[in-house]
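For reference, Swiss-Prot has these:
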| type | residues | note |
| --- | --- | --- |
| DOMAIN | 28-202 | domain 'Exonuclease' |
| BINDING | 31, 33, 189, 194 | Mg(2+) 2 binding site |
| BINDING | 31 | Mg(2+) 1 binding site |
| SITE | 37 | site 'Important for substrate binding and specificity' |
| SITE | 132 | site 'Important for substrate binding and specificity' |
| SITE | 154 | site 'Important for substrate binding and specificity' |
| ACT_SITE | 189 | active site, proton donor/acceptor |
């Protein structure tokens, strides 16, 4: 399914503009692939972002994906077991990895554009185990001294919680399947694939949820 098509065509839960639906925050799905679990010690290796869009009928759908491979930041570690899980080959000739600052610039630009498009104040990170992604993102932002981070520094929407409530599943693959979405295990643990699947899952849940009649 193309990423710019609505996931669900149920009756709209809300006709509030995006700028009011989530208190001025634009949901943006993020997934990172890393060299381990410690954001202060392990390298950020991949990042992907998908802004959540809204059509004229009030349905949420995934926007365009922005992604980057990253050159491991100097002084950070990479656990070989993490590379086994993700399948990342650091010296692959077609990896085209960017330095951290350039990678953040690349993925932040379309996020800021989407925030502006919908008249929102800032982006809020949506992720599966979202604080893992946010902690690695914030660590990279701090390392390079990035001044234009569009994301809220600590608030998130976590699809682990949402999927647990909606489907009784907390593992991304099982939650996606419970939501009626396709899942390809061979593509999992790619930042792009996991982000796009998480975006579809978020939209599926958000479109089915009875949204507020008004919001501040």
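The chain as shown is numbered from 1 upward.
A Cβ is built for glycine as well, from the same backbone N, Cα and C atoms used for every other residue.
Here the features listed in Swiss-Prot are placed on the structure.
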residue : record                                                 : DSSP class
31      : Mg(2+) 2 binding site                                  : strand
37      : site 'Important for substrate binding and specificity' : coil
132     : site 'Important for substrate binding and specificity' : helix
154     : site 'Important for substrate binding and specificity' : strand
189     : Mg(2+) 2 binding site                                  : coil
194     : Mg(2+) 2 binding site                                  : helix
Length of the line joining the Cα atoms of residue 31 (Mg(2+) 2 binding site) and residue 132 (site 'Important for substrate binding and specificity'), in Å: 9
Rounded Cα-Cα span from residue 189 (Mg(2+) 2 binding site) to residue 154 (site 'Important for substrate binding and specificity'), Å: 24
31, 33, 194 as binding-site residues, winner by CB count within 10 A: 31
For the recorded sites 132, 154, the one whose C-beta sees the most other C-beta atoms within 10 angstroms: 132
Count of other CB atoms lying within 10 Å of the CB belonging to residue 37 (site 'Important for substrate binding and specificity'): 12
Alpha-carbon spacing, residue 33 (Mg(2+) 2 binding site) to residue 132 (site 'Important for substrate binding and specificity'), which is rounded to whole Å: 10
Any further residue of that chain within 8 Å (Cβ to the Cβ centroid of 31, 33, 189, 194) of the recorded Mg(2+) 2 site: 32, 46, 48, 86, 188, 190, 191, 192, 193, 195
Proximal residue to residue 132 (site 'Important for substrate binding and specificity') among recorded positions 37, 189, 194 (C-alpha distance): 37
Residue 37 (site 'Important for substrate binding and specificity') to residue 189 (Mg(2+) 2 binding site) - Cα separation in whole Å: 14
Cβ contacts of residue 189 (Mg(2+) 2 binding site) (under 8 Å, same chain, 6 or more positions away): 33, 85, 86, 87
